[in-house]
Amino acid sequence: MTMRQCAIYGKGGIGKSTTTQNLVAALAEMGKKVMIVGCDPKADSTRLILHAKAQNTIMEMAAEVGSVEDLELEDVLQIGYGDVRCAESGGPEPGVGCAGRGVITAINFLEEEGAYEDDLDFVFYDVLGDVVCGGFAMPIRENKAQEIYIVCSGEMMAMYAANNISKGIVKYAKSGKVRLGGLICNSRQTDREDELIIALAEKLGTQMIHFVPRDNIVQRAEIRRMTVIEYDPACKQANEYRTLAQKIVNNTMKVVPTPCTMDELESLLMEFGIMEEEDTSIIGKTAAEENAA
């Protein structure tokens, strides 16, 4: 099997890291050889796989020893549940420098040190929020990741983010092989959520690859710094992540997306009752003016 490099994007706080780690645990359980590269200064992309608060990052360790060139691969790569290989890029202190630069440095280091040569089936990049700036777009800009999955929900801002990320994919698809593999709906239990994300996926020219229902067992596992797959392998939610993993293994629908205009996106949100039609007669009017009308 040729190594597949996948990047997981989505709005901040949508559950990307949790979804990615449970998905990866399911792939490992299936016998796949997987590496996770955390591309977020928070360094929380591997904690459930490693049972750790936060893995030491490549940028932190480079600062301690002097430079990235002074590090060894075994310093930065840890092995977790199911023999999953874990690395965190990290970034500078808040307010200092460009965290995206840390992603670029980290991925280049892993490549140069041969981290990608060990018979891997999948590499997953867990990428910071909905920021598609140059640094955080590194996994797609440099043709590292060729499959993108966007974690979203039926909430308005999560859908805006999915649309914006799709615009970024279109930009880089012109010069490379990057494609959108689908939307993963990490449910927030909003009304008609699955129908809404299926409709959004159709507008983007892609698919909702899986609907992950909300379940408190995810939080119970997280408190123990474990994936659901490891914490309670027989539970219903573990099977949801296994289904997602199998769908990604079998996925052949990889497209250049067709992002919506703002008007199209707002029409979709209005159609599903998430957004009300704008009343232009009240724009710019003070409370006193409205009361006098």
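Positions of Cβ are set from backbone N, Cα and C atoms, glycine also.
For reference, Swiss-Prot has these:
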- Gly10, Lys11, Gly12, Gly13, Ile14, Gly15, Lys16, Ser17: ATP binding site (BINDING)
- Cys98, Cys133: [4Fe-4S] cluster binding site (BINDING)
- Arg101: ADP-ribosylarginine (MOD_RES)
(message) Check the DSSP secondary structure of Gly15 (ATP binding site), expressed as helix, strand or coil.
(response) coil
(request) Using C-alpha atoms only, work out the spacing between Lys16 (ATP binding site) and Arg101 (ADP-ribosylarginine) and round it to an integer in Å. (result) 21
(message) Going by a 10 angstroms cut-off between Cβ atoms, which of the binding-site residues Gly10, Gly12, Gly13, Gly15 has the sparsest surroundings?
(response) Gly13
(request) Sort out for me which one of Lys11, Lys16, Arg101 has the most neighbouring CB atoms within 10 A, since those are the recorded positions we care about. (result) Lys16
(request) Sort out the sequence-distant neighbours of Ile14 (ATP binding site) for me: same chain, 6+ apart, CB within less than 8 Å of its CB, listed by position. (result) Val151, Cys152, Ser153, Ala158, Ala161, Asn186
(message) List every residue in the same chain as Ser17 (ATP binding site), at least 6 positions away in sequence, whose Cβ is under 8 Å from its Cβ.
(response) Gly38, Asp40, Asp44, Ser45, Leu48, Asp126
(message) Cα-Cα, whole number of Å: Gly13 (ATP binding site) versus Arg101 (ADP-ribosylarginine)?
(response) 22
